[in-house]
Amino acid sequence: MLVYLLRRIAQSIFVALAMMVIVFFGIYMIGNPVDILISPDATPREIEETMARFGFDQPIYIQFLTFVGNALQGDLGRSFVHGESAVTLILHYMPATLELAALGLIFSVLIGIPLGVYAGYKADRWQGRAIMTGSIFGFSLPNFWVGMLLILIFAVELRWLPSTGRGDTVDVFGIRLSIFSENGLQYMILPALTLALYKASLVTRLARAGTQEALVQDYVKFARAKGVSETRILFVHVLKNIMIPILTVLGLELGSMIAFAVVTETVFAWPGMGKLLIDSILTLDRPVIVAYLMMTVLIFIVINLVVDIVYTILDPRVRVTGGAG
Amino acid sequence: MSVLEVRNLQTHFFTDAGVVKAVDGVDFALNEGEVLGLVGESGSGKSVTGFSILRLVDPPGRVVGGQILFRGQDLAQLPASEMRRLRGNKIAMIFQDPMMTLNPVLRIDTQMIEAVRAHDKVSAKAARDRAISALSKVGIPSPAERLDAYPHQFSGGMRQRVAIAIALLNGPDLIVADEPTTALDVTIQSQILAEVQDLARDTGTALIWITHDLAVVAGLADRVAVMYAGRIVETGQTDDVLTTPGHPYSVGLLGSIPGHGQRGERLTQIPGMAPNMAHLPPGCAFAPRCFNADERCRTDAPGIEDMERVRQLRCHHPLTKAGGTP
């Protein structure tokens, strides 16, 4: 198990390095940030001075090596616009996005799995078909539209929930989180639901397909022959078998929820990383974009690693023999 | 006293290609502690008969007629919840492929304890103790430790023993075993046969042993019923049927066992193919493959006829004359 983990971590480091190359050179291609940073009527001398200050006059490979050297020390540069360290800036906005994604994930599991298992159980009945038809809406309705519709229904018409903003936050180990305060949670429900809708449809479909497949297996028939109740068959025998594909997809989707919550954050004026990214792209704030992308890669890597570890808990056959498995 | 009496059982599958009468009028009875061998080719309806008794036929199949009297109670009419209470409790089943019957992601103890607790409201500890004693009964070494293992940590033979132990957990009156040794190699097969025979004898459990292997039946069953195309075509004491088969199909089955002829000689086989169950011939279903068939067989389905001793035959031209060999 330890060897397996070490190997996985080594792979992850390689992925991070590869990503560094792609991100750096990709951003380099976009354009020269100096054009935006200084006034158009600056003299060539001023331009050259600014270029020298940011190190843009160096050959690209020197710039890259400097970047890698700094990155290894946790320094991804200073924001041209905010003057703050890019990493600090992102870390400042990250908790809001993370907690939103986490709640979205919880919603999509709580909604998707029961619906999907039930739809698989009643696959040929109207209940199953109705759930499947419903999930098509979850797939096809655009995110911003769903968000606005939710605001219209729950905030404007029913006045049950607040529409935009973040609400109260509490400090948890120095991080401002709103998920633990009642008022803050109310602000999170609508954006989290918006984020969750697509994933919930995805989980529903996966759970349904898995359930249908599992229900015809001999072990289900054998469980019935033992006199085990249908509820236990569905939510113990079947569920544990279908969790593996669902978990894989959810792991990847969690990454994309964190990284691309941009639209939802905009609709609900949620002060997260997504909004920061949009602003930084508009001002070509290179260090922030690079730092954002690197953080996203890191998040994906960590999530994948966690998913792999959770696999071994769910499926005993994956457990690597010889170790503590 | 009879534990189980099946009368005119009919299980049909409603497919797009038409109604398949997988089981079409099966009658048999089983006494306490008796072992019945249910024999036939693939697709003869023997497994469906077994699943019908437990009401575990998968759609589009359905028991459409007949009675399944278990201790006088008609299982075919029982509500689903009461049927669940009987399954695994009074009537247990062992499946064909031990690699598939245990849930791969649940530990053996989970799968055994739930089988006990589905019927008896005992503590997890008591259920675990019962699981341990069942495992040791079927010859699994150090059962207490093996309980913590997952199915993939067992060999095929061991898994089938676990499945048998699960069937024994609640001391059932009847076990339906659907080709439980077919997927195992021969040495394991004979061990398991011997163990099951002892267990059935010790506990007085009646056993329906579904198989296509006549050699297994010869060593195990008190009585044998030969099925063809959804019907029992011959039934009787195992020795009688195996030594003097009365139905041409039974003769064919016996003849297909390797080892009768000379080395290098072609094995005898029953000509033709098992019939298409959706389109059975109007007369005797076996007539197109029968060496002894005449016009009457092709137009007129034979009924079941009682012979001497508990022998019954469904044939216009039985090979043993009424009475057969005593």
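Keep in mind that glycine also has a Cβ here, set from the backbone N, Cα and C atoms.
Straight from TrEMBL, the features:
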type	residues	note
DOMAIN	A:94-311	domain 'ABC transmembrane type-1'
TRANSMEM	A:12-31	transmembrane segment
TRANSMEM	A:100-121	transmembrane segment
TRANSMEM	A:133-155	transmembrane segment
TRANSMEM	A:175-198	transmembrane segment
TRANSMEM	A:242-269	transmembrane segment
TRANSMEM	A:289-311	transmembrane segment
Annotated stretches the transmembrane segment (A:133-155) and the transmembrane segment (A:289-311) touching (3 or more Cβ pairs under 8 Å): no
Same-chain residues at least 6 beyond the ends of the transmembrane segment (A:242-269) with a Cβ under 8 Å from one of its Cβ atoms are 97-98, 100-101, 104-105, 108-109, 113, 117, 143-144, 147-148, 151, 163-165, 190-191, 194-195, 199, 202-203, 206-207, 210-211, 213-214, 275, 277-278, 296, 299-300, 303-304, 306-307, 310-311, 314-315
Assess whether the transmembrane segment (A:289-311) lies in contact with the transmembrane segment (A:12-31), where contact requires at least three Cβ pairs under 8 Å among residues 6 or more apart in sequence. yes
